[in-house]
Amino acid sequence: EMKISVVSKKLWCVHKQLVVLLTPLVFLPLLFTLPEKEGKCLYVVVLMATFWCTEALPLAVTAMLPVCLFPTLGILPSKKVCPQYFLETNFLFLSGLVMASSIEEWGLHRRIALKVLSIVGVKPAWLILGMMLTSSFLSMWLSNTATTAMMLPIANAILESLFGDLETLKQKCKCTEDTENDIINGMLYINTISPELCRIFPSGVGGQTDLRTAEEIRSESQYQLKVWKGFLICIPYAASIGGTATLTGTAPNLILIGQLKSYFPDCDLINFGSWFAFAFPLMLLFLFLGWIWIAFLYGGLNTRLCFKKNDRRAQAEARAKALIEEDYRKLGPINFAEGAISFFFILFAVLLFTRDPKFVTGWSVFFKKGYVSDAVTGVIIVSILFFFPSQKPSLSWWFDPQASNTPYVPLLSWKKAQDSVPWNIILLLGGGFAMAKACEESGLASWIGGHLQPLAEVPPAAAVMLITAFLACFTEFASNTATIIIFLPVIAELAIRVSVNPLYFMIPATVGCSYAFMLPVSTPPNSIAFASGHLMVKDMVKTGFVMNILGILSVSLAMNTWGVAMFNLNAYPEWAHPINKTALVTEVHLSSVQSLNATL
């Protein structure tokens, strides 16, 4: 047994190297058992999927494998693979990341967070709601990971002012069980501020004595510990939900629009504005359901929400409220830089939303049709940040030789952008687009779609729920970007096979990829919350399982109500007909022949 445990430990130490070396050999039969081009493409896809799921190689390095494997295996020439790494979708994502880094640079996100928390109040359920609203709003623009990392310290500060030190709270839960013999006349004297909580104090220090039974103290401490867990768990969940509301909020949304452009060039239904109009109400619905569940599970929903009580909890809440107000006051009045960032942030959102929102005429009509995209809009706004001053320019300097000049510092420096933008995500997006292109051109997506024909018997509404549930489960073990990259081409082909509007399957799949709530390893936000050391895996599994069900139901409701109306999902669209693609290729070929003849 000792030998087995030693060997298993040694194997685990080198498991990543073993995965890198053995995976290509294990899947080698795929090259010989399937049609040539489809087999080669599936080999690369399975290889990359394994590396992504096990993280045997860094995610960005795995994303670059198509550049060497697709050309060498004869699947796709490098001149078709390489441009996939910087499509206009990547520029839209880059502009969102740069805007987020400028918001973080000047602390605007912290001001927004404290303001929301001061408005919602400090009763546990309202505070959980405030945390969730703030986290979801910030993650629409910042990365989910950055939002969680910023919100957790704020949450911990508020919790300490409400309940005191966490370790002390844990001791209270344990030690009262051992003090039954020390009860004096059925009452326990305990000092509320002493760390030695299990000692008996006949009189309190500084007059602060607490006469309660051991059972009362234990039950109150357990309630407070539950609320603490609720706070920690609601932030990463809200960040994951919030990221789905905007195209730039999370990578899978951009993978969807990139693959739509590749598969269905004539489909122009999804852009920043139309996605926001669909996904924002869905986010609010799911956020509300998630809040009800988390507040119910962790003790926030009680009569205190509606009735005011002047008791020990009310005093703790008053302290927490004072802390939030004090922290906000320390920020001081909004300075010139924060005001400027707020202006450009709002302008960024408004211009992206109104470019071509589909339900009304957008401002893009003033330009040549099809020339101005969301990427163009985003890059215009973020470019301004690199030269717009962060301090109010002094006009008196121009007219008064004695006046000192205000030092010129732009809102954002390129060094700051370089340091804070996660460039690996852009490579990850590129790898996804390259994989999708290869699946399409090699015929792999069509081949897999043919084998999924039995799903044609399932009603489309049920298929939506199955797809969302499957991807929500799969993304618990793999990154959401990798998950959507692997499955979206197959889902698109399946929709064509069963003559259903491709968006009807592709949108829920994309949103479902962000619903990873059950495990600490599912997403970086979950990992950050879990790393605090106060959550257990069973807490996340218990809460996340119901969250997944609520998410699947919310997506199904959205798709079958306002989604149908917005994207005309009941009809099979013209842009999805394979004939269109053939016609497009023929048209391009004919025009090439004509231009060649004209040259000759």
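Just so you know, glycine gets a Cβ as well, placed from its N, Cα and C.
Residues annotated as transmembrane segment in TrEMBL: 12-32 (among others).
Sequence-distant contacts of the transmembrane segment (44-73) (same chain, six or more residues past either end, CB-CB distance under 8 Å): 15-17, 19-20, 23-24, 27, 30, 81-82, 84-85, 423-424, 427-428, 430-432, 434-435, 438-439, 444, 477-479, 481-482, 486. TrEMBL lists 44-73 (among others) with the feature transmembrane segment.
If you look up TrEMBL, you'll see 123-142 (among others) marked as transmembrane segment.
Residues or ranges marked as transmembrane segment in TrEMBL: 231-255 (among others).
Per TrEMBL, transmembrane segment is recorded for 275-299 (among others).
The annotation transmembrane segment is assigned in TrEMBL to 331-351 (among others). Packing against the transmembrane segment (331-351) from elsewhere in the chain are residues 95, 99, 102-103, 106-108, 110-111, 114, 141, 363, 377-378, 381-382, 384-385, 388, 390-392, 411: each is 6 or more residues past its ends and has a CB under 8 Å from a CB in it.
Long-range neighbours of the transmembrane segment (371-388) within the same chain, counting only residues 6 or more positions beyond its ends whose Cβ lies under 8 Å from a Cβ of the stretch, are 88-89, 91-92, 94-96, 98-99, 102, 247-248, 271-272, 340-341, 344, 347-348, 351-352, 355, 364, 410-414, 417. The feature transmembrane segment is assigned by TrEMBL to 371-388 (among others).
Counting only same-chain residues 6+ beyond the ends of the transmembrane segment (458-491), those with a CB under 8 A from a CB of the stretch are 45, 49, 52-53, 59, 250-252, 255-256, 259, 263, 425, 428-429, 431-432, 435-436, 439-440, 444-445, 448-449, 452, 498, 500, 502, 504-506, 508-516, 518-519, 521-523, 548, 551-552, 555-556, 559-560. Taken from TrEMBL, the feature transmembrane segment applies to 458-491 (among others).
Residues annotated as transmembrane segment in TrEMBL: 503-523 (among others).
Annotation comment: TrEMBL describes 543-565 (among others) as transmembrane segment.
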Exercise. Can you tell me which of 12-32, 123-142, 231-255, 275-299 gets the most C-beta pairs within less than 8 Å of the transmembrane segment (503-523)?
Key: 231-255
Quiz prompt | the transmembrane segment (123-142) versus listed stretches 12-32, 231-255, 275-299: most Cβ pairs under 8 Å | solution = 231-255
Quiz item: What parts of the chain pack near the transmembrane segment (275-299), using Cβ distances under 8 Å and only residues at least 6 beyond its ends?
Solution: 124-125, 128-129, 132-133, 136, 223, 226-227, 229-230, 233-234, 237-238, 241-242, 244-247, 253, 257, 353, 357-359, 507, 511, 542-543, 546-547, 550-551, 554-555, 557-558, 562-563, 566-567
